Amino acid sequence: MTTTIDPPERRETAADKLRQGRHAISERWHHAPRWVRWVLLVAVIAFFYALPNKEFYQYLGPIPTPGANFTQVMFTVSIYVLLAVGLNIVVGFAGLLDLGYFGFFAVGAYTVAVLTSPSSDIKTLWPWLLVVPIAIGLTMVSGVMLGTPTLRLRGDYLALVTLGFAEMIRIAAVSSEFLKGQRGFNQIPHPPGQYADGRPWFGVLDARPYYWLVLTLIILVVIGVRNLTHSRVGRAWISIREDEDAAQLMGVPTFKFKLWAFASGAAIAGLAGALFAGKQNFVNSQNFELLNSIIILAAVIFGGSGNIVGAIVGGGLVAYMIERFRGIELFGIELYEYRFLFFGLVLVVMMIFRPQGLIPNRRRAAEFKDRRKEVIVGE
Amino acid sequence: MLLEIEDVSLLYGRIQALHGISLTVDEGEIVALIGANGAGKSTTMRAISGIRPVASGRIKFAGEDITKLRADLRVRRGLCQAPEGRGIFPGMSVLENLDMGAYTRRDKAGIAQDLARVLELFPRLAERRKQAGGTLSGGEQQMLAVGRALMSRPKLLLLDEPSMGLAPMLIQQIFTIITEINQQGTTILLVEQNAQQALARAHRAYVLETGRIVKSGSGTDLLHDPSVKEAYLGVA
């Protein structure tokens, strides 16, 4: 028999205080009048639209990245946020462990590359905008193809299969003649649109328009995902995540909803891939390392799996922190070289002290309030 | 005949858990399935609710062959199981759990009515309606599982060990409620280790041993059957 050891009291109270503080903030947020929340939300969105302008970010002290073009970094960050929002559907809502999410991103990017680039064998040379829906559709189809045999199984099969899928895509990209390996596809067209004087909206030098485009799409996707999670679909996902057998015993067609989560997550990754290809103008096999899948998964868990805001914050912070290390030297060591060491350390510390993520999904309780009202008509 | 099981066998990998089980449940009955640990009681339940596929045999519900029907579609036909132990949704509140029970239904008025009924049956749940399911005590979780299954307004309610891990007083209480539910018109198939209570409440019962039905009869008959007494009631 072991005797119970009292937990160290001081840390306990400090953690409690922190929890209370966070709780107080979330309480205040949820009890704030609707207009206050809207004003704050609009202010936050406006801030992020203004962020890549030099006239704005030069006053933000340490926020801009010293070693890289801050606007470029913001574009990368926005792509990661979009991916995190998509993966959060799969991992956070439906509770399916997807280790190869970046594979879908690659499918999206390569679809655009193959159908638009002059270096592609099929030389269709279609415009970017026409190919985007095709890219989203194809990633969805690949998600369904991958999910149909694996989602019927329980446990770790899905994680393994998705891991294999991402590697398959990467290896195909490296070695297949059709996908051009390292040489890649160049001259992928940019998104359309031009100013009155004939200059294109989406040029080569300025990353801001791409960032704004992605930011706008993130907002649209988040609105869509939010509506979905407030519906019967969202309830089904949560029930599957919490107890799959019980969900089935309540009449939830679990396979169908898992496939839906998987396919919608894939579609968002496809969209992100198409945006990435349209911005980079060049896609080759080096863009799709396994590490990227891991980073996005880590970002979702870091931010708070199952919470949209958590996924946004996680995706944004992780992508930004990695870039932030660029160009910083300490004792003659380039910190950027060790960026993943720090990343790993932060993750380990997080998992010890806050395994539920920065912004966990306790909000779900509040999300369900509306439905409660529906149910308790007699109360 | 509401439920008819004919010669059902079921495998877990290479291990045969059920060897040709046949049983019937009539409308309005409480039927108990008793047996020791590992006799195949819960497995029988899983076969009926569709969580595990059967290897051979037939399951008929309300005249329809449902042997190959998906579990969620069986719920829509009016067959609902309250899973064993903690089969509730731990992160959802009591009300959200009950709401999930009505997942297949869209008649808001009827759902509200059934919710009121469930909360009346289980006043404890009404007290804790906003509490997360995972923070309830074992007995409360058991009540929640039963209440949630009732929310689907089933024709046949499958209860898997509703008294498991409960204090004697709570056991009494939950069996009273089961009888009450039955009197309100729901047919019940009950799996129990607590043979005494189950046999006293059930109209008919089956005794399961290593995946086979070895005895069946009315609840009171089995209650007084010497071999049942010896094996399951702890009376020499």
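A Cβ is built for glycine as well, from the same backbone N, Cα and C atoms used for every other residue.
In TrEMBL, annotation is done automatically, which means it is predicted and not curated.
If you check TrEMBL, you get these features:
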TRANSMEM  A:35-52  transmembrane segment
TRANSMEM  A:72-94  transmembrane segment
TRANSMEM  A:101-119  transmembrane segment
TRANSMEM  A:125-145  transmembrane segment
TRANSMEM  A:157-175  transmembrane segment
TRANSMEM  A:210-229  transmembrane segment
TRANSMEM  A:259-278  transmembrane segment
TRANSMEM  A:290-323  transmembrane segment
TRANSMEM  A:335-353  transmembrane segment
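Note: the stretches the transmembrane segment (A:101-119) and the transmembrane segment (A:259-278) are in contact (3+ CB pairs below 8 A, sequence gap of 6 or more). Contact between the transmembrane segment (A:290-323) and the transmembrane segment (A:157-175) is supported: at least 3 Cβ pairs lie under 8 Å, counting only residues 6 or more apart in sequence. Scored on C-beta pairs under 8 angstroms, the neighbour of the transmembrane segment (A:210-229) with the top count among A:35-52, A:72-94, A:125-145, A:157-175, A:259-278 is A:72-94.
Tertiary neighbourhood of the transmembrane segment (A:125-145): same-chain residues 104, 107-109, 111-112, 115-118, 188-192, 259, 262-267, 269-271, 273-274, 278, selected by CB-CB distance under 8 Å and a gap of 6+ residues from either end. Beyond the ends of the transmembrane segment (A:259-278), by six or more residues, the same chain brings 79, 82-83, 85-87, 89-90, 93-94, 96, 98, 101-102, 104-113, 116, 128, 131-132, 135-140, 142-144, 146-148, 151, 188-191, 202, 210, 213-214, 217, 221, 228, 233, 237, 287 to within a C-beta distance below 8 angstroms of the stretch.
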